[in-house]
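K.L.:
For reference, the structure I am asking about is given below.
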Amino acid sequence: MSDLSLLQCTNLSKRYQDGKLSTDVLRDVSFEMSSGEMMAIVGSSGSGKSTLLHVLGGLDTPTSGEVIFKGQPLSTLSAAAKADLRNRELGFIYQFHHLLPDFTALENVAMPLLIGKVPTSQAQDKAREMLAAVGLEARSHHRSSELSGGERQRVAIARALVNSPSLVLADEPTGNLDQRTADTIFELLGELNVRQGTAFLVVTHDLQLAGRLNRQLEMRDGQLQQELTLMGARQ
């Protein structure tokens, strides 16, 4: 693993067992990602993309293989240590924003900091800063139910970045948005990558979206291809 390596997974496999029936969702996946890199993994639904993100984020355990983050094998960490790592080092963005509906945009964005025991005033100041970065400073006291779909996703991005994570794992982050809003969101991710040096690993079935990132790999039937064949991708 190089000095600039942020994330490495080696011979990663994931098998789900249901009685006598077994399903191999990930099969011998290996790749390395550098600090500050923006990388896309393209694949159709059911190809194993989301499972891979869950394993990389320590939300699921591989059947075999290893995930190494900043030189630390995840297999050596307790559940509490993984949770702490996720809160300090990782950000998550999903197709559906998963905002708390009864909380304001400011409260949603501040939540990871409060979980990390950051003082409330400091957490709110940082949350305001991130909402300003995504162009929503004026909407900070609106509940998520009062925001448009694009605004909610921008709040989710601000929440993912409020802890200044080294890596953001994004699962179809624009899949629920119209093309114009999706374009705006991806311009924002690029700006934050440059401004904060945040690395982004984005899984998507949208080839046009993936083409905006530094590197593209393809997931097909649980295996990672080092070159795109475009099978199952949407152009």
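Residue numbers in this text run from 1 along the chain shown.
Backbone N, Cα and C atoms are what each Cβ position is placed from, and that goes for glycine too.
Per Swiss-Prot, the feature domain 'ABC transporter' maps to 7-234; the stated evidence is sequence analysis. Feature annotation from Swiss-Prot assigns ATP binding site to Gly43, Ser44, Ser45, Gly46, Ser47, Gly48, Lys49, Ser50.
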K.L.:
Here are some binding-site residues: Ser44, Ser45, Ser47, Ser50. Which one has the most Cβ atoms within 10 Å of its Cβ?
P.N.:
Ser47
K.L.:
Count the Cβ atoms, other than its own, that fall within 10 Å of the Cβ of Gly46 (ATP binding site), considering every protein chain shown.
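P.N.:
There are 13 of them.
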K.L.:
Between the binding-site residues Gly43, Gly48, where is the Cβ count within 10 Å the lowest?
P.N.:
Gly48
K.L.:
In three-state terms from DSSP, label Ser50 (ATP binding site) for me.
P.N.:
helix
